[in-house]
Amino acid sequence: HIRSSPSCRAQLLTGGSSSVSGFGPFGEHAVNASWIAVQELEKLGLRDGVDLHVYEVPVEYQTVQRLIPALWKKHSPQLVVHVGVSGMATTVTLEKCGHNVGYKGLDNCRFCPGSQCCVEGGPECIDSIIDMDVVCRRVSALGLDVTVTISKDAGRYLCDFTYYTSLYQSCGRSAFVHVPPLGKPYSAEQLGRALQAIIEEMLDVLEHSEDKINCQHGH
């Protein structure tokens, strides 16, 4: 029932820094496609004004619980984007939300939370403030050789756990992208270019939504 691994997370701050952390191998994924894809993204870079920093993280619940607050404290990012591999995916998938309960799968340390939840007492589901439908439409219109789709179920394993933990920490200022295993059907280069386009569109959507909020507050 293990659908995916939280293979990397990108923290993006326009006009400042961004960091990407990738998880190492797990289960049948001796080579984690999402970490490889993020390394391709690092080669490509992001637009001017966004610096990119890359991390690799073990597939471990307790490490995720420590790492996310630490990275937010270190970088104070505008947006955090996580990327994970899903063995069932055949498209690049934008996840709309993270879930708090149902975590029964053991991590690389043979551990899972005793409560089987991310945050005890937290809401059952948290949505990203990024409109994934808009991002999907925009990226699809670019004519890349990669299909992008939408999902509301990140899998109730480390990907979902990471996403919910980040959404809770950031009040929704996070996003998650699932990629398929390498060669099924996309190459590392294709996934890297797709991530670059997706993240830049996410930043644009977030900036425009904040401009509207600031304008409304100004009136």
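Keep in mind that glycine also has a Cβ here, set from the backbone N, Cα and C atoms.
Because TrEMBL annotations are produced automatically, they should be read as predictions rather than curated entries.
Summarising the annotation, TrEMBL assigns active site to Glu95, Cys159.
Across the structure, Cys159 (active site) and Glu95 (active site) place their CA atoms 10 angstrom apart.
Of all the Cβ atoms in the protein chains shown, 29 others lie within 10 Å of the Cβ of Cys159 (active site). Over all protein chains present, the Cβ of Glu95 (active site) has 25 other Cβ atoms lying within 10 Å.
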